[in-house]
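Right, one structure below, let's go through it.
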Amino acid sequence: MNKPTVAIVGRPNVGKSTIFNRIVGERISIVEDVPGVTRDRIYSSAEWLNHDFNMIDTGGIDIGDEPILEQIKAQAEVAIDEADVIIFMTNGREGVTDADEYVAKMLYKTKKPVVLAVNKIDNFEQRDFMYDFYSLGFGDPFPISGSHGLGLGDLLDEVANHFPHMEEEIIEDDVIRFCLIGRPNVGKSSLVNAIVGEERAIVSDVAGTTTDATDTPYEYEGQKYKIIDTAGMRKKGKVYEKTEKYSVLRALRAIERSDVVLIVLNAEEGIREQDKRIAGYAEEAGKGLMFVVNKWDAIEKETNTMDNFTKEIRKHFMFLDYAPILYVSAKTGRRVTDLFEMIRLISDNHALRIQSSVLNEVIEDSIARNPAPQEKGKRLRIYYTTQVATKPPTFVVFVNDPNIMHFSYVRFLKNRLRESFGFEGTPIRIITRERS
Ligand code: GDP
Ligand code: GDP
């Protein structure tokens, strides 16, 4: 799926994150259930009328203790590099400031469309405040109020007018798309190099747009793959590339376009909080998943070293107990080709469709062995189960009353499905519906 990306830029306190949250709406709360996902999201999908797009709040990317203008500069650079349309946000109450002019100068350099928004115009009388902003040279300013939700429709109409014609991304059925995500320096680019060879990795490293240009095709034992680009594989030498928020942003964009996500960990450094957050995003996106522990060459090994590391991973990523783990070294090339067998298996499981009769036999057998306990004085009855989607496999269970389906019983059914059908490396989803 190829969606346009909209970025919001502007000096601090003009209301960027307020507007971001308004536009992406309740999506934010959906992800809060996933362990490790932080509240302060700066990237999300959004909808306006019949347009689907992605949004970036560049205000969330901070580059440490740098002076304010350096921060603003980095944020504008992210917008220019990552977005298809830029919303330049200002504060109508304060008029045009030096910092606004600084942002404007940065944005003059881009050919991408810029839509000027004047925020904090909370009522009609305040509309006169916006005339000042013509001086910035971005045409008609759009008056909005983040706190009251005013003017957002007109602003988004204008933004949507500038959406580029997105080439329908051709998803070839016979190609498995995967990406490597992980903290900076875990060895993602080294792994890609180890897979495809230094030269080809360099050739694929064209400074392209947000789409296909930097993906790397690869074929192994008759199966076609595409390695989806992430941060660190396309280094441009900008300061913002080192920030955590930016690497997460790039990871999310790569996850979206992949079938299988390789979560790369650094054997030397163990597991960090950020690893969990990144893994949480991949699980939430419903992608096939595996762990790749890199730099295994650099570890002093005793009898139980691998078992202990595996235990550590299982302890920290309890919600990903279905994801296989592979220990590799990009440096020596050890076990790197084993990745492909694993990716292929996960991709098959991710796309697996179970015959209805077999599925219902397994569910009926599970209920017979372990009937659902009574909830609120009522017993759950399960009538019928059907698989409604693949990637990831998604099942709808029709019951007498969805309110008494306890999450622990859902977990039990999921475990039974895994025992019966495998599903190694893929999340599975169960939705309960009332039989009508
Ligand atoms: P950011 O730094 O640009 O992301 O700005 P925030 O979204 O954090 O907003 C800065 C402050 O402005 C907060 O106190 C908001 O509540 C306030 N704010 C945001 N939008 C509006 C608005 O439309 N009207 C008014 N009066 N205040 C607003
Ligand atoms: P990225 O930021 O995740 O793309 O990480 P890089 O591929 O740039 O690697 C970061 C550093 O780790 C570099 O200095 C690599 O040489 C080193 N490195 C990568 N893979 C391995 C490995 O398997 N073993 C060892 N010992 N070092 C590695």
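For all residues, glycine too, the Cβ spot is worked out from N, Cα and C.
According to TrEMBL:
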- 10-17, 57-61, 119-122: GTP 1 binding site (BINDING)
- 182-189, 229-233, 294-297: GTP 2 binding site (BINDING)
- 4-167: domain 'EngA-type G' (DOMAIN)
- 176-351: domain 'EngA-type G' (DOMAIN)
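Projection of TrEMBL feature records onto the structure.
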residue: Gly10; record: GTP 1 binding site; DSSP (3 states): coil
residue: Lys16; record: GTP 1 binding site; DSSP (3 states): helix
residue: Thr58; record: GTP 1 binding site; DSSP (3 states): helix
residue: Ile121; record: GTP 1 binding site; DSSP (3 states): coil
residue: Gly182; record: GTP 2 binding site; DSSP (3 states): coil
residue: Lys188; record: GTP 2 binding site; DSSP (3 states): helix
residue: Trp296; record: GTP 2 binding site; DSSP (3 states): helix
Residues among the binding-site residues Ile61, Ile121, Gly182, Asn185, Lys188, Trp296 that border ligand 1 - Cβ under 6 angstroms, in sequence order: none
Including all protein chains shown, what's the count of other C-beta atoms within 10 A of the C-beta of Ile61 (GTP 1 binding site)? 21
Among Asn13, Thr58, Asn185, the binding-site residues in question, whose Cβ has the most other Cβ atoms within 10 Å in this structure? Thr58
Minimum Cα separation from Asn185 (GTP 2 binding site), reported as the residue among binding-site residues Gly10, Asn13, Lys16, Thr58, Ile61 that achieves it: Ile61
Distance-selected binding-site residues near ligand 2 (C-beta under 6 Å), from Asn13, Lys16, Thr58, Ile121, Trp296: none
Between Lys188 (GTP 2 binding site) and Ile121 (GTP 1 binding site): CA-CA distance (Å): 46
Nearest of the binding-site residues to Gly10 (GTP 1 binding site) by CA-CA distance, picking from Gly182, Lys188, Trp296? Gly182
Candidates Lys16, Thr58, Ile61 (binding-site residues); nearest Cα to Lys188 (GTP 2 binding site) turns out to be Ile61
Taking all protein chains shown into account, the Cβ-based neighbour count within 10 Å for Ile121 (GTP 1 binding site) is 25
Including all protein chains shown, what's the count of other C-beta atoms within 10 A of the C-beta of Gly182 (GTP 2 binding site)? 27
Just counting, how many other CB atoms are there within 10 A of the CB of Lys188 (GTP 2 binding site)? 25
Could you state the CA-to-CA distance between Asn13 (GTP 1 binding site) and Gly182 (GTP 2 binding site) to the nearest Å? 31
